[in-house]
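Here is what Swiss-Prot says about this protein:
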CROSSLNK  K6  ubiquitin cross-link
CROSSLNK  K11  ubiquitin cross-link
CROSSLNK  K27  ubiquitin cross-link
CROSSLNK  K29  ubiquitin cross-link
CROSSLNK  K33  ubiquitin cross-link
CROSSLNK  K48  ubiquitin cross-link
CROSSLNK  K63  ubiquitin cross-link
DOMAIN    1-76  domain 'Ubiquitin-like 1'
DOMAIN    153-228  domain 'Ubiquitin-like 3'
MOD_RES   S65  phosphoserine
MOD_RES   S141  phosphoserine
SITE      H68  site 'Essential for function'
Amino acid sequence: MQIFVKTLTGKTITLEVEPSDTIENVKAKIQDKEGIPPDQQRLIFAGKQLEDGRTLSDYNIQKESTLHLVLRLRGGMQIFVKTLTGKTITLEVEPSDTIENVKAKIQDKEGIPPDQQRLIFAGKQLEDGRTLSDYNIQKESTLHLVLRLRGGMQIFVKTLTGKTITLEVEPSDTIENVKAKIQDKEGIPPDQQRFIFAGKQLEDGRTLSDYNIQKESTLHLVLRLRGGMQIFVKTLTGKTITLEVEPSDTIENVKAKIQDKEGIPPDQQRLIFAGKQLEDGRTLSDYNIQKESTLHLVLRLRGGC
């Protein structure tokens, strides 16, 4: 169908659209015709500003309807919302928008109900009734979105300085996920984090429930041990596994770490470095394996000896 888009200069643009087109699609068509970037466009119909993720039919826009195109409102700005999966969502907001408004925009774009959203900025959880300007959130600021899923719980992470960090987690979260949450809150790279609970160092590929970590449990966060280093293990499929090790770790220890991450029993693993097969009882330093060295993992097929 055809619709019309009228600009403030009085110009009328004719567009070919489908009722199922999103507002985002329409803005892209306007960009193609007129060269106006979508992030500078606001479309108004029946007195309402149209949200990118909605469709024309959602707004009952029919053939030969006229939309009004205005420039971004004064004070309008873009902010970014980053999810734990690494996806970044771009939102058009005003400094006077409440956190509740922002959650509604996220719901429009991503379908996540506001009551499952927690927004974090500068390490603080944002309260619904406050505005972006209350928190000094400015253009191109990045908020972090964490989901309050059913079964969610709080745990505490205590640092060596005595600071306690509160995290929203699921029993099914891996230690790797928890390290990503700490990075979001505190800026500490995951490869510098080691978690201790009940006297044990926690392995990245395991879950909180594997370690019987329950609501309001306290983990201890320590920096990588002196001498700690990363090495890489490359499989025949081309996958590369990153491991945290010590030079004093035995090949047996390394195989146990690979089992934790990948589920491959140690007796099916053969590790090769510099053309040599590594023996279980030897250490990494025996073989002069240093930080960021790459080992090759080959599987010992059934029937092999």
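Yeah, the Cβs are placed from backbone N, Cα and C, and that goes for glycine too.
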Determine the most Cβ-crowded residue among the recorded positions K33, H68, using a 10 Å radius around each Cβ and all protein chains in the structure. H68
At a 10 A cut-off on CB-CB distances, which of the recorded sites K11, K29 has the highest count? K29
From K27, K29, K63, H68: recorded positions whose CA lies within 10 A of K6 (ubiquitin cross-link): H68
S141 (phosphoserine) to K27 (ubiquitin cross-link): how many Å between their Cα atoms? 23
When DSSP is mapped onto helix/strand/coil, what comes out for K27 (ubiquitin cross-link)? helix
Of the recorded positions K11, K27, K63, H68, which one has its Cα closest to the Cα of K48 (ubiquitin cross-link)? H68
Integer Cα-Cα distance in angstrom, H68 (site 'Essential for function') to K11 (ubiquitin cross-link): 10
Note down the number of other Cβ atoms within 10 Å of the Cβ of K48 (ubiquitin cross-link), including every protein chain shown. 9
Under DSSP, the domain 'Ubiquitin-like 3' (153-228) has how many residues in helix, strand and coil? 18 helix, 28 strand, 30 coil
Grab the pLDDT values for the domain 'Ubiquitin-like 1' (1-76) and give me their mean, rounded. 87
Could you list the residues of the same chain, at least six apart in sequence, whose Cβ is under 8 A from the Cβ of K63 (ubiquitin cross-link)? M1, Q2, I3
If I restrict to non-local contacts, at least six residues apart, and a C-beta distance under 8 angstroms, what lies near K27 (ubiquitin cross-link) in its own chain? P38, Q41, L43, D52
Which whole-number value in Å describes the distance between the Cα atoms of K33 (ubiquitin cross-link) and S65 (phosphoserine)? 18
Do you know offhand how many angstrom separate S65 (phosphoserine) and K11 (ubiquitin cross-link) by C-alpha? 15
